[in-house]
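Take a look at the structure below.
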Amino acid sequence: MAKQEYKQLPKRSEVHSTTEQFKDTVKTSLGLDLFKGLGLTIKEFFSPSVTIHYPMEQLPLSPRYRAVHHLQRLLDSGSERCIGCGLCEKICTSNCIRIITHKGEDNRKKIDSYTINLGRCIYCGLCAEVCPELAIVMGNRFENASTQRSQYGSKSEFLTSEQDAKNCSHAEFLGFGAVSPNYNERMQATPLDYVQELSKEESKEETPTSPESHKGDENV
């Protein structure tokens with residue numbers, strides 16, 4: 001551990017007479033310390049302002065910002081992406097997602113109710129990561145104040161407009177929960193991939209020769 005060296009400041013002499021007190025006051029008031037403080041104040045006064053006058057002004061948010069959720073639709077058709085698998089409900093650490101489904105005539109799940117309790121949600125984004133259909137994503141709407149509790153968490157609050165999906169006025173989501181454009185290049189092989197490659201090589205080596213090759217050997 002480095003040795004710390006302390007510098008002892010000279011002890012200030014005590015002032016007794018009125019004349020000495022007056023001189024000390026003038027020296028302290030008009031000394032360099034006063035001008036140093038004023039210099040810093042003047043420097044910050046003329047520096048560019050960094051204050052944002054919210055809500056009239058807002059800073060641009062990152063595409064991967066995690067705020068109120070969006071339920072996506074398929075482009076062109078406008079159909080809902082959600083297939084009712086319930087993975088988002090299972091992985092939710094806050095236990096704030098509720099999905100009620102039933103089996104339709106085509107033996108596929110139909111969604112009766114999809115709610116998110118925004119009062120409990122911690123906006124971790126796990127639901128967006130686990131969704132196989134990219135149906136639920138994290139949006140950038142953080143202004144969700146309301147006077148009525150019933151306005152929090154309804155499906156109509158999160159679902160993308162069907163008209164916007166059919167007109168392709170909104171692009172595929174590129175924020176938190178979306179697939180990266182270069183995910184193939186960034187994907188790394190897992191230990192299971194190496195095991196599969198070894199099993200394929202072993203199966204090729206153990207493949208028996210065809211009967212025709214044995215006949216050819218006998219003729220020779």
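Using the three backbone atoms N, Cα and C, a Cβ is placed for every residue, glycine included.
Because the structure is a prediction, the values reported are computed rather than measured.
Marked as domain '4Fe-4S ferredoxin-type 1' by Swiss-Prot: 71-102. For the domain '4Fe-4S ferredoxin-type 1' (71-102), the mean pLDDT of the prediction comes to 89.
Classification of C82 ([4Fe-4S] cluster 1 binding site) by DSSP places it in coil, neither helical nor stranded. With a cut-off of 8 Å between CB atoms and residues at least 6 apart in sequence, the same chain places L71, I111, Y114, E133, A135, I136 near C82 ([4Fe-4S] cluster 1 binding site), listed in sequence order. Per Swiss-Prot, [4Fe-4S] cluster 1 binding site is recorded for C82, C85, C88, C131.
Annotation source Swiss-Prot lists [4Fe-4S] cluster 2 binding site at C92, C121, C124, C127, citing sequence analysis. Note: C92 ([4Fe-4S] cluster 2 binding site) has non-local neighbours L126, C127, i.e. same-chain residues 6+ apart with C-beta under 8 A of its own C-beta.
What Swiss-Prot records for 112-141 is domain '4Fe-4S ferredoxin-type 2'.
Annotated region 'Disordered' per Swiss-Prot: 190-220, in sequence order.
The feature compositional bias 'Basic and acidic residues' is assigned by Swiss-Prot to 198-220.
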- Task: Using a Cβ-Cβ cut-off of under 8 Å, list the residues of the same chain that are 6+ residues beyond the ends of the domain '4Fe-4S ferredoxin-type 1' (71-102) and lie near it.
- Result: 108-122, 124, 126-127, 130-137, 153, 155, 158-160, 162-163, 165-166, 168, 172-173
- Task: Determine the Cβ neighbour count for C127 ([4Fe-4S] cluster 2 binding site): the number of other Cβ atoms within 10 Å of its Cβ.
- Result: 26
- Note on the structure: Minimal Cβ count within 10 Å, across the binding-site residues C85, C121, C131, points to C85
- Mind checking how the domain '4Fe-4S ferredoxin-type 2' (112-141) divides into helix, strand and coil residues in DSSP? 5 helix, 8 strand, 17 coil
- Message: Quick check: in three-state DSSP terms, what is C92 ([4Fe-4S] cluster 2 binding site)?
- Response: coil
- Query: So of C88, C124, which of the binding-site residues has the fewest other Cβ atoms within 10 Å around its own Cβ?
  - Reply: C124
